[in-house]
Amino acid sequence: MTDNQEPILNKDENVMDQSLFLKLKRWKWWLLVAINIFFLIVGQAAAVLLGRFYYDQGGNSKWMATLVQTAGFPILFIPYFFLRPSEEASTSTNSASIKVIALVYFVLGVLVAGDNMLYSVGLLYLSASTYSLICATQLAFNAVFSYFINSQKFTALILNSVVILSLSAALIAVNDESGGPSGVSKGKFLLGFLCTLGASALYSLLLSLMQLSFQKVIKKETFAVVLEMQIYTSLVATFVSTVGLFASGEWNTLHHEMVSFDSGRASYVLTLVWTAVTWQVCAVGVVGLIFVVSSLFSNVISTLSLAVTPLAALVVFHDKMNGVKIIAMLLALCGFASYIYQNYLDDKKARRLQTHVEETHDVC
């Protein structure tokens, strides 16, 4: 088998699809995966804590909290400038037309804006630790969407993880001591819980749709397309969020927010700026893992970050970690472990199948 040829994998097998990354040396592939994992975990944990800090210090604009989740996309033009392929190299006879790709980016961007809004409402009425534990249910949703959209098999390990994560979320929902920040009523806590749960489901759908877009529409094998998807979907989401900010009238309260921000005006601006930056770092990791591995694996690592965030919130905000929360976090980690082991089995199977195909080709 030459370097430009790819192994033909059985589409019915629960293994990674034909990919450029199967041709990489194993250490290079894992290095690329590790870099994206670092971006995702650090970016997401920092962004959630900064979002909670914004609300704790007097911020109250849900649309502003939504806007900053995508408004930092212009910084991605810096790495994109260096990673952008030449015109000849970027041409692909198999890729869809510009109109189709633009439509895909527009639809995904609108969904991203809606998802971010749900997350903003959830974080407003929940503590950072409770919010993160509920978000862990996205793995269960992703298992379902991956099954129907990405032909991911529903194995015993995945089913086990779905059940465990569902129990984890249920514990948070029925625990009276899991409430949100001080002053949040039970009704608002329930609203925050439902919005976060809905956001987790929509986020999982987005990951599966992004993977499908890479495989069926874009059909390019460069990391530049990862940045392109993030840039253009963020552009659409930022536009939608900006319209929502002005249409809702919340823009009128922003000056008062900045003036009355507990830690000062400079802190208000820096909080929003760094929230925007960390969300973009996280997003590059998310989309990068979708491209390098799969939407399922990306969601697994995102859940690992969500398991780390409650511990960080315990240190930074002194969130309460009662027995129920600790059990819920342990269940979330068990669910994560089931997914990781399943991914390990899939990767091992894919590598073994690739080696077999290469040996068969050499014999022929």
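Glycine residues also receive a Cβ, built from the backbone N, Cα and C atoms like all the rest.
Remember, TrEMBL labels are computer predictions, not curated facts.
Note that the coordinates shown come from a computational prediction; the quantities given were computed from them, not determined experimentally.
What TrEMBL says about this one:
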type: TRANSMEM; residues: 29-51; note: transmembrane segment
type: TRANSMEM; residues: 63-83; note: transmembrane segment
type: TRANSMEM; residues: 131-149; note: transmembrane segment
type: TRANSMEM; residues: 156-174; note: transmembrane segment
type: TRANSMEM; residues: 189-210; note: transmembrane segment
type: TRANSMEM; residues: 222-247; note: transmembrane segment
type: TRANSMEM; residues: 267-293; note: transmembrane segment
type: TRANSMEM; residues: 300-317; note: transmembrane segment
type: TRANSMEM; residues: 323-341; note: transmembrane segment
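A Cβ distance under 8 Å defines the sequence-distant neighbours of the transmembrane segment (267-293), meaning residues of its chain 6+ beyond its ends; these are 16, 21, 29, 32-33, 35-44, 46-47, 50-51, 53-54, 57, 59, 64, 68-73, 75-76, 207, 210-211, 214, 223, 225-227, 229-230, 234, 257-258, 261, 301-302, 343. Only pairs six or more apart in sequence are counted, and the transmembrane segment (222-247) with the transmembrane segment (29-51) gives fewer than three Cβ pairs under 8 Å, not enough to call it a contact. Below 8 angstroms of C-beta separation, residues 21-22, 65, 69, 120, 123, 128, 131-132, 271, 274-275, 278-286, 288-289, 292-293, 298, 301-302, 304-306, 308-309, 312-313, 316-317 of the same chain, each at least six residues beyond the ends of the transmembrane segment (29-51), sit close to that stretch. Counting same-chain residues at least six beyond the ends of the transmembrane segment (131-149), those with a Cβ under 8 angstroms from any Cβ of the stretch are 48, 52, 122-123, 158-159, 161-162, 165-166, 168-169, 172, 192-193, 196-197, 199-201, 203-205, 207-209, 211-212, 294-296, 299-300, 302-303, 306-307, 309-310, 313, 325, 328-329, 332, 335-336, 339.
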